[in-house]
Amino acid sequence: MGCLDVRFCRIIFALYSLIRKYGAWLVIPAMLGGAAFLADSVLTPAVSISSAVEGLKTLPALEHLFTENKDLTMMITAVIIVILFAVQSRGTESIGKVFGSVVMVWFAFLAIVGVVAIGNDWSVLAALNPYYGIKFLFSPNNATGLALMGTVFLSTTGAEALYSDMGHVGRGNIYFTWPFIKVALVLNYFGQGAWMLHNQNNPELADAEGINPFFQMMDPNVRYVAVVLSVTAGIIASQALITGAFTMVSEATGLNWMPHLQVCYPARTRGQLYIPVVNVVLCVATLAVLLLFRDSEHISAAYGLALTITMITTTILLGIYLWHRSNKFGAVVFTIVFLAIQVLFFAASMAKFLHGGWFTLLLTLAILMIMYTWNEGTKLERSQRRHMMPKDFLPALDKLHGDSRIHRFADNIVYLTSDPDLKRLDTDIFFSIFADHPKRARAWWAVAVETTDEPFTREYSVESFGTDYLFRVRIRLGFKVSQSIPAYLHQIMHDLEKTGELPNQQSIYPKLDADPGIGTIRYVVIHKALMPESKVSGRGALSLQIKYAIRRVAGSPVKWFGLAPYNPLVEVQPLFVSTRRPPRLTRVASQAPKREG
C-alpha cells in the first residue's frame, strides 16, 4: 500500500482522504481503524518490551531473582517504558540511523538460532504444507477450537509496525527487506516448533511454569545475547508505533477529528514529529496496561483484537479505492479474500474478550468517541458560520472608525480566524466589534495562520480593502517555525507603516517593547458555546458539550499562538440562538407584602 504515494505517511487516513468523496459512510471505518491503531499504540510498547524482558527469567544466573520477586519483570519493563517516552521530546533522528542495522542483526539472529534449533526435529518442516494446519484446526485434539486462530494471528503482529513509521525508514526500504524478514520469522518459528517436538516428553519440563520456547531453544550462553537484542527490537517496535501515533493524531487534527494540539518537530523533516499531550497520554495508558495485565501473556489477549480491527477497516477502505481507481473485478476479489481471512481472525480474537479483549474495545471506543464528537461538534459550528463581503461591512466600520464620540478600545484590535480567504470577513468578528459597546480602533486586523509542508517558510499576505483601518492577514509558517503571532504581527504592522498603508500610530503611552509608530494592541479570541436558549438537538448538544470539555483539556489558541502574555480578551458567542425578539413581559400593579399575624 505504501501510503498510496502521499508525501508523508498518513496510514489509514491517507486512504480515507482519497476516497471520502465516494460516500459519507466511509468516515465510519476510517475513524474506527484510526481509533484501533491508537489503541494498538498503547498495547504494543507494553507487550513487546515485557515479553523481551521476561527472557531474563530464562538466564541461569538471574533465575533465582525472578523466582523470589514475581513483579521484577514488570518493574523493569515500566522503567524502560518511562525512559522511552521521556526521550521522545529530543527526537529520534540520531538514534534512528542505527535502527536499520539493529533490526537487520535482530532478524539475522532469529534466522540463525531457528536453523540451529530445527536440527532437533526436522519433521517440523512438514508444516510448510497447509494441509496439516487445516487438519489440526478441525481435529478433536484441538481443544481450543476456533480460538486457536487468535493465537496463530499473534504470529503476524508487528507487520503494522513495519509501515507505521515511514517517517524514519521509508517505503522502499520496507518493500526491499520484507522477504528477508518473512524468511527469518518462519525459520525461527520452525526452530521453536522443532524444540517443542523434541521436548514434548521431557520430564524436566513437564511441571515447569512459564516455558518460553523462543529462549529455551537456545544455549544458555546465547540467551544473554537474545535478551539484549529482543529488548532492543521491542524498543524499536514501540518507537515505530509511538511515532505512528503522533502522525495519526496530527492527521486526525487535519481532518477535524481531534483538537488542535501543540506539535513539535525535533527533526529536520515533517514526517518526524512529537506531540507532548499525546506522549503523556500514551505513557500513562501504557503503564496502566502493564499494571492491569502484569505480564505479556495476559496483554497479548488484548493485543490481537486491535490489529484485526485495523486490518479489516483498512481492507474496506482499500477495496473502495481499488474499485474506483482500477479493475472492479480485482477489487472485489481482493476485498472478499482478505476480509474472509481477517474476519476469521477477528472472531477468534473475540474469544479472548473476557481475558483482555474487553480492554481493547473499551480503549478503541473511547478514542472513537473523541473523534466522532469532535467531528460532529465542528460540523455543527461550521453550519452556523457566516461570512460578509466588503459591501456589507465596510460602511459600518468606516462610520465607527471616524466616530470620535466613542473612546478607542485599543489602537489595534486583532482577531484570530481560521478562514484563509482574504476577500471576506467572519460575521463573528463583525458582531464582536459592534456588540454592546462598539470596539473602536485605529485599525482592525483579522489574522489567519497556515502551516506549510516546508520547514522554514515565513511569509504573509495582506488585503486592506482600499482602507487604512481594516486588514485581512494570512501568515504562512513552516512546520519548524515558531507560531508566536505577536512577534510576526509587530513586523507586519511596522512594514505597513513604512509603506504608508498603515498610518503612524505613535501611542501617548509608549510600551517598552513597542515598534516605533505602532500603538497599543489588543487580541480577541472568539469561542463558540451553547446557551440555555440554544435550539439544537440532544445529540448535537451532547457532541458540542463533549467537544468543549476536550478543548478545555487540550488547550486554546491563546497558548498555541503565544498570546498569554498579552492579556487577550476571550469572548463567547452563542450557537443556535434565535435572533427573534423574546415574548414581551406584561406589567402588573405592584402589591404590598402581606403582614403575618
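Each residue, glycine too, has its Cβ placed from N, Cα and C.
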Quiz prompt | Swiss-Prot annotation of transmembrane segment - which of the ranges 122-142, 143-163 it falls on | solution = 143-163
Exercise. Could you tell me whether the transmembrane segment (98-118) and the transmembrane segment (226-246) have 3+ CB pairs under 8 A, leaving out pairs under 6 positions apart?
Key: yes
Self-check item: Stretch among 23-43, 174-194, 329-349, 353-373 sharing the most Cβ pairs under 8 Å with the transmembrane segment (98-118)
Solution: 174-194
Self-check item: Tertiary contacts of the transmembrane segment (303-323), as residues 6+ beyond its ends and Cβ separation under 8 Å
Solution: 1, 4, 12, 15-16, 18-19, 22-23, 26, 29-30, 32-33, 36-37, 39-40, 43-44, 47, 150, 153-154, 156-157, 160, 330-332, 334-335, 338-339, 342-343, 345-346, 349-350, 352-353, 356-357, 360-361, 363-364
Quiz item: Taking a Cβ cut-off under 8 Å, which residues six or more beyond the ends of the transmembrane segment (329-349) line up next to it in the same chain?
Solution: 146-150, 152-153, 304-305, 308-309, 311-312, 315-316, 318-319, 322-323, 357
Quiz prompt | Outside the transmembrane segment (23-43), six or more residues from its ends: residues with CB under 8 Å to it | solution = 11-13, 15-16, 160, 164, 241-242, 244-245, 248-249, 252, 257, 282, 285-286, 289, 299, 302-303, 306-307, 309-310, 312-314, 316-317, 320, 360, 363-365, 367-368, 371-372, 375
Quiz prompt | Sequence-remote partners of the transmembrane segment (174-194) [C-beta within less than 8 Å, at least six residues beyond its ends] | solution = 2, 104, 107-108, 110-111, 113-122, 124-125, 127, 155, 162-163, 166, 213-214, 217
